[in-house]
Amino acid sequence: MSADTPGSSWKVSLPCTRAEAEAIDSASDLVIDAVLMTTEEVEDDVERWRLDAYLDHAPDAAMLATIHALVPSASAHDPSVERLDAQDWVTLSQAGLEPIREGRFVVHTAAHAVSPPPGGRAFLIEAGQAFGTGHHGTTSGCLAMLDALAVAGRRFEAVIDVGTGTGLLAFAATALWPAARVVATDIDPVAIAVTHDNAARNGVEGVALYVADGARDAAIDAAAPFDLVIANILAGPLVSMAPELAAIAAPDAVIVLAGLLETQREDVVAAYAACGCTLVGIDRRGDWTVLQLRGGATRYVPEGPFDPKGRDGWALDL
Ligand SMILES: C[S@@+](CC[C@H](N)C(=O)[O-])C[C@H]1O[C@@H](n2cnc3c(N)ncnc32)[C@H](O)[C@@H]1O
């Protein structure tokens, strides 16, 4: 869909559950001719979310059915369809995205440009085809954890951000540890293209970008080991990737994991413990939990064949 055509646009809205919103936000294979935005409608009621689909054409019955199919819990609701006259739908879809501040970082859209705090760093990240504007607790929790590591005086030489989305966490790593080699990967080629554009837009240089499923990739192997491994994906893929992420971690590496609910923490921690990693810290953001682990004293060597179970992520019942 052309993202830069001002003029009439349409908004289709339906209620949804948090699980549906997370699935939509995280889906890497969703093909739909609309920009999808999910919003928590009622603070303190995690189940009441809303899906807004922005289109640059009037939705036909097939498009309405496609949008409806994304939120089965709303099967009894008629979608609200609103025509937004002579406005730029991209700006509209981002109108609610206020800048977020986390540690020394501020993340903003062009519609809400802000200056960085003193000694801080601002990143311009537009909402669009990749996940990671900083508004989600998993991303902001990772930003906070990275900032806290720097405040504590930790230094890293080689950093990898697996499942980079918009590239934001990789960019934060380059700001905190300018001398580090930084690698950012995603299974979704669109996310890597978005990260490439975001790097240019933010003057970030030197981040090596790879399209890869997890860490089983020759280019990642060649760049390993990493003394900081970041992965904000989802609990299912994180569990299934434990051996490969542990294997690319240097001895005593810091591993930051997010995308898991607090209720999934035990399963994720157990999967990494089986690969020699120890839990050293957590940051709770509502129902979401960010983990900080330490890699084993020696580099982990995976046993057995690669097990892709759980790669579908959000559908996995942990
Ligand atoms: C929840 S988003 C996080 C994006 C960003 N890192 C952030 O913190 O905002 C998860 C990202 O992981 C990517 N992803 C999902 N499965 C993956 C896999 N098996 N290997 C690599 N990336 C994956 C998705 O395409 C998506 O961009």
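Every residue gets a Cβ built from N, Cα and C, even glycine.
TrEMBL does not curate its annotations; it predicts them automatically.
Take the S-adenosyl-L-methionine site that TrEMBL assigns to Thr139, Gly163, Asn232: the candidate from Asp186, Asp197, Asp252 listed for it is Asp186.
Less than 8 angstroms from the CB of Gly163 (S-adenosyl-L-methionine binding site) sit Thr185, Asp186, Ile187, Ala231, Asn232, Ile233, Pro237, Gly259, each of them six or more residues away in the same chain. Other residues of the same chain near the S-adenosyl-L-methionine site, with their Cβ within 8 Å of the Cβ centroid of Thr139, Gly163, Asp186, Asn232, are Phe131, Gly132, Thr138, Asp161, Val162, Thr164, Gly165, Leu169, Ile230, Ala231, Ile233, Ala258, Gly259. Around Thr139 (S-adenosyl-L-methionine binding site), the same-chain residues six or more apart in sequence whose CB sits under 8 Å from its CB are Phe131, Gly132, Thr133, Gly165, Leu168, Leu169, Asn232, Ala258, listed in sequence order. Around the Cβ of Asp186 (S-adenosyl-L-methionine binding site), the number of neighbouring Cβ atoms within 10 Å comes to 28.
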